[in-house]
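Peer 1: Positions annotated as disulfide bond by Swiss-Prot, on the basis of sequence analysis: CYS101-CYS194. Residues or ranges marked as N-linked glycosylation site by Swiss-Prot: ASN9. Annotation comment: Swiss-Prot describes 1-29, 80-103, 165-202, 264-276 as topological domain 'Extracellular'. Here Swiss-Prot flags 51-58, 125-143, 223-242, 298-319 as topological domain 'Cytoplasmic'. Feature annotation from Swiss-Prot assigns transmembrane segment to 30-50, 59-79, 104-124, 144-164, 203-222, 243-263, 277-297.
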Amino acid sequence: MPVGKLVFNQSEPTEFVFRAFTTATEFQVLLFLLFLLLYLMILCGNTAIIWVVCTHSTLRTPMYFFLSNLSFLELCYTTVVVPLMLSNILGAQKPISLAGCGAQMFFFVTLGSTDCFLLAIMAYDRYVAICHPLHYTLIMTRELCTQMLGGALGLALFPSLQLTALIFTLPFCGHHQEINHFLCDVPPVLRLACADIRVHQAVLYVVSILVLTIPFLLICVSYVFITCAILSIRSAEGRRRAFSTCSFHLTVVLLQYGCCSLVYLRPRSSTSEDEDSQIALVYTFVTPLLNPLLYSLRNKDVKGALRSAIIRKAASDAN
């Protein structure tokens, strides 16, 4: 599908506006402050992870390599959505051009898909570390880690580009359509098309299965082997700590994949239109906030590196 047709499918330009969360001014201010606080926490938490991994040689292992890239994805992922969302909460609705909507959709889908593939890669990394500890450094080489990360981005990039191009070659009715969402996501934009969208829905389901179902199954298989390995640990304290870590990781995975599946894989209905934007808040704010907390900030190595970095920074400022 030629990308050049992305914006020129109409004889006249079309723009979209996002439906407001609420028209009550006091609630607008409250929502703005809440989402701004969550966004700043996401920025601080994920930036801290990237900084500490890049500045401490002891954390330059495959696990922390993937964690830092996950944090970078979360930063980009939320930044594509949240600033525009915040600007629309307060004041009058601001229209977004067809090209701007297409760009936001492309980056949102690409980064979100890469995130899903990366979570599967991280589960495989943990499987190798726990089930094959003696061969971990031989298997998880720097070259393999880089190739897997590039593969995740490539697998996300191609279908995202094709899906976005396919959607924005559709005709849209009128020149000032309202999107029943806080971002240019695929399902709400598809509903605005003035054409038969059954083929586009089928493509969306195929892409969703590729991005959501397959990585989730790989994660489940990895954790089945990890669980079997944990059960063989003789120390009760060791088993408890391992299960505690795995349960937190699986909580984030189930939350992200479950919410995304509800939006992209369930049949379309009139009730799902309003529910989609509410569910999307979970994987826009909650999982990007939980990932640095549960994957890294609970880790003793990361906390120790952060503590030593802060002490060194304070000492250098004092001198």
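Note that Cβ sites are derived from N, Cα and C of the backbone, with glycine treated the same way.
Map the listed features onto the structure and describe their local environment.
Peer 2: Under DSSP, CYS194 (disulfide bond) is assigned to coil, being neither helix nor strand in the three-state scheme.
In this model, the topological domain 'Cytoplasmic' (51-58) carries an average pLDDT of 84.
Within the chain carrying the topological domain 'Cytoplasmic' (125-143), a Cβ under 8 angstroms from the stretch's Cβ atoms is held by residues 62-63, 65-66, 222-223, 225-226, 229-230, 242, 246, 249, all 6 or more beyond its ends.
Residue counts for the topological domain 'Extracellular' (165-202) under DSSP, split into helix (H, G, I), strand (E, B) and coil, are 13 helix, 6 strand, 19 coil.
Distant neighbours of the topological domain 'Cytoplasmic' (223-242): 123, 126-127, 130-131, 250; these residues of the same chain sit at least 6 beyond its ends, with a Cβ under 8 Å from one of its Cβ atoms.
Distant neighbours of the transmembrane segment (104-124): 63, 66-67, 69-70, 73-74, 76-77, 80-81, 84, 96, 148-149, 151-153, 155-157, 159-161, 163-164, 167, 183-186, 189, 211-212, 214-216, 218-219, 222-223, 249, 253, 256-257, 260, 283, 295; these residues of the same chain sit at least 6 beyond its ends, with a Cβ under 8 Å from one of its Cβ atoms.
Here the transmembrane segment (243-263) has Cβ contacts under 8 Å with residues 112, 115-116, 119, 123, 126, 185, 187, 208, 212-213, 215-216, 219, 223, 226-227, 230, 275-276, 279-280, 282-283, 286-287, 290-291, 294-295, 298 of the same chain, all six or more residues outside its ends.
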Peer 1: Which numbers of helix, strand and coil residues does DSSP report for the topological domain 'Cytoplasmic' (223-242)?
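Peer 2: Per-class counts: 16 helix, 0 strand, 4 coil.
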Peer 1: Output the single range from 30-50, 203-222, 277-297 maximising the number of Cβ pairs under 8 Å to the transmembrane segment (59-79).
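Peer 2: Between the stretches 30-50, 203-222, 277-297, 30-50 has the largest tally.
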Peer 1: Which bits of the chain, at least 6 residues beyond where the topological domain 'Cytoplasmic' (51-58) starts or stops, bring a Cβ under 8 A of a Cβ in it?
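Peer 2: Here the qualifying positions are 64-65, 67-68, 301-302, 305-306, 308-309.
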Peer 1: Please report, as numbers and ranges, the same-chain residues at least 6 past the borders of the transmembrane segment (203-222) whose CB is under 8 Å from any CB of it.
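Peer 2: Contacts of the transmembrane segment (203-222) (Cβ under 8 Å, skipping residues fewer than 6 from its ends): 112-113, 116-117, 119-120, 123-124, 126-127, 155-156, 159-160, 162-163, 166, 186-187, 190, 253, 257, 260-261, 264-265.
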Peer 1: CB neighbours of CYS194 (disulfide bond) within 10 A?
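Peer 2: Excluding its own Cβ, the number within 10 Å is 11.
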